[in-house]
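A.B. asks: Before I ask anything, let me first share the structure, which is written out below as structure tokens.
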């Protein structure tokens with residue numbers, strides 16, 4: 001128990017360090033964007049018609065935002081705020097980012113996690129069966145599917161489905177909510193409405209993740225299945241599905257649980273592009289908006305940091321889960 | 001397969017077997033990999049597809065009858081359907097393939113709007129090796145001969161149709177393949193050099209240097225690449241020239257793509273650095289850089305090559321995604337991402353289906369790379385025999 005506690009603690013510290021490095025990377029990127037928040041805000045105000053003495057105002061605004069402080073100090077402030085869920089104000093909209101994001105970020109996270117769940121719900125059983133069977137047609141079919149999953153990027157799939165849906169079925173598959181629920185407070189009806197729309201983004205986000213997971217599961221299972229302990233178990237009279245699940249599958253699934261974080265990474269990767277095509281009103285779309293259109297560094301930084309933080313958290317959780325299941329993992333990290 | 005020890009090793013081998021065995025044992029690593037690669041039908045087909053695509057990319061200006069940029073556009077045939085050369089029509093047959101001429105007309109009958117019509121009585125013959133727009137083959141040989149085209153005044157042939165501004169989609173697709181592959185190649189190369197240096201240092205020294213480098217690598221790996229690409233690409237001032245943009249995109253792809261290979265290199269070096277030949281080199285006074293470069297890295301060249309082939313489609317995919325959302329290459333440049341951008345409206349699916357032709361090429365390119373990469377991996381990995 002003591003050893004386990006020590007493991008969790010070490011792992012937590014490592015996750016924290018990773019997060020801090022990530023925040024440094026993200027913050028430096030934000031700083032590198034030409035022009036700072038003050039300039040952008042004043043430029044925005046000018047377009048609104050209020051004429052300001054740019055030179056004076058700019059200095060005042062910089063000081064007000066604390067942009068005259070040294071880099072490290074600002075980064076420190078940002079990261080401390082970030083851990084408390086406060087990312088400051090958006091450069092252009094002048095709304096607190098936490099407010100602006102609201103449940104949009106959680107919505108995106110839920111979409112991605114569902115996609116991940118879907119991918120594994122399909123990939124694990126199918127992959128195990130494929131590895132165990134010697135059916136050439138099944139195996140080649142799966143292989144082709146996996147390649148197609150890799151070769152056909154999610155955005156292309158989204159595009160095709162959406163276009164075909166609109167043209168031949170006349171349904172609008174875009175968006176996450178029907179118009180009457182978009183700004184309504186959360187209610188049961190709203191959740192039902194969300195479900196009606198969310199299946200498509202979930203399916204699309206899960207598409208290449210499924211293909212990828214399938215390949216991994218199959219490869220790991222075929223490595224395990226020929227090993228002696230499986231033969232020994234079969235000799236003891238364990239057979240069929242029971243044999244597969246109790247012996248090789250258990251070993252094969254370790255590395256897969258371990259890679260959950262990076263699979264989530266892959267799904268996040270596609271989020272902004274899929275959001276663009278399906279016009280989802282989620283964090284992915286906001287990110288795209290902030291980066292491609294309005295150059296709102298503060299908002300973009302916050303979203304990227306939140307995405308990364310979820311991956312780091314998931315990595316941490318899966319490692320702890322693995323340590324519970326398999327004591328060897330605990331030793332590997334403590335050395 | 002042949003690599004397994006022969007169970008009947010004691011029985012005398014026939015002369016032929018002996019020869020085969022000798023050939024096997026004296027073959028170089030490259031020959032062995034090639035021999036194994038040849039046995040995989042899917043990978044061989046993919047390799048030939050890939051070869052065709054690469055060649056058509058290299059010879060794009062020669063193969064395409066029209067300049068793919070605005071300059072070469074056909075003003076009179078916008079959103080035109082693909083024209084398939086034919087040998088026969090209602091007026092009889094000819095040995096030389098031809099397409100029918102298109103004419104734009106505006107009259108009472110068309111309600112005074114410009115309408116493009118096919119004139120079935122007028123033939124535009126397709127000639128081979130015609131002189132057209134100037135280009136530089138391989139970037140330096142000035143030429144103006146093209147594989148095919150028309151000699152008729154004002155006659156055009158568009159195999160894949162034209163887009164909204166009258167640009168020839170066939171020419172654009174060929175150029176786009178080449179651009180995307182160039183971006184990918186530069187990106188892969190930069191990522192490759194970075195990965196070898198970072199992974200090499202990390203694996204060779206080990207200890208705390210390794211720990212720190214691994215922490216940074218992990219942090220870079222945790223950030224999802226496309227949002228990161230987007231963040232970096234957002235620095236590009238919109239007034240950047242097409243060439244500068246092109247190199248910038250390749251640079252970004254390279255600078256973000258290294259962690260996976262770096263990690264693989266590091267793991268290999270960690271196991272390899274305790275070998276005796278490394279110790280011998282060190283005792284001879286070889287500096288670290290020399291040992292890494294001349295002794296350690298060559299010991300798994302085949303893995304690195306395979307890894308490069310496998311990571312190539314991801315570079316192309318990233319470029320495409322980036323261009324697709326409007327942060328990568330922009331319209332006068334032809335890349336696959338830019339071409340894909342054009343298919344986003346329902347209008348295209350309903351009326352101008354030929355816009356999807358570049359999509360087929362794109363999928364074919366990525367699939368070919370994935371198949372070849374996988375075939376190479378199977379061929380280069382000596383342990384892959386056991387589970388097939």
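Here the Cβ of each residue, glycine as well, is placed from N, Cα and C on the backbone.
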A.B. asks: In TrEMBL, one of B:20-41, B:42-63 is tagged transmembrane segment. Which stretch would that be?
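C.D. replies: Of B:20-41, B:42-63, TrEMBL gives transmembrane segment for B:42-63.
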A.B. asks: Do you know which of B:186-207, B:274-295 TrEMBL annotates as transmembrane segment?
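C.D. replies: In TrEMBL, residues B:186-207 carry the label transmembrane segment.
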A.B. asks: Does the chain bring the transmembrane segment (B:186-207) near the transmembrane segment (B:352-372), so that three or more CB pairs sit under 8 Å (pairs 6 or more apart in sequence)?
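C.D. replies: Output no: the transmembrane segment (B:186-207) is apart from the transmembrane segment (B:352-372).
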A.B. asks: Other than its close neighbours in sequence, what residues sit by the transmembrane segment (B:42-63), given a CB gap under 8 Å and a spacing of at least six beyond its ends?
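C.D. replies: Answer is 135-138, 143, 145-147, 171, 174-175, 177-178, 181, 361, 364-365, 367-372, 374-376, 378-379.
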A.B. asks: Which bits of the chain, at least 6 residues beyond where the transmembrane segment (B:352-372) starts or stops, bring a Cβ under 8 A of a Cβ in it?
C.D. replies: 42-43, 45-47, 49-50, 53, 79, 81-82, 160-161, 163, 169, 172-173, 176-177, 180-181, 309-310, 312-313, 316-317, 320, 336, 339-340, 342-343
A.B. asks: Sequence-remote contacts (6 or more beyond its ends) of the transmembrane segment (B:303-329), Cβ cut-off under 8 Å?
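C.D. replies: Here the qualifying positions are 179-181, 183-185, 187-188, 191-192, 196, 225-226, 229-230, 233-234, 236, 242, 245-246, 249, 253, 257, 260-261, 264-265, 268, 297, 335-338, 340-341, 362, 365-366, 369-370, 372-374, 376-377, 380.
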A.B. asks: Taking residues 6+ outside the transmembrane segment (B:244-261), which of them lie with a CB under 8 Å of any CB in it?
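C.D. replies: Contacts of the transmembrane segment (B:244-261) (Cβ under 8 Å, skipping residues fewer than 6 from its ends): 179, 182-184, 186-192, 194-196, 198-199, 217-218, 220-221, 225, 228-229, 232-233, 236, 304, 307-308, 311, 314-315, 318-319, 322, 328-330, 333.
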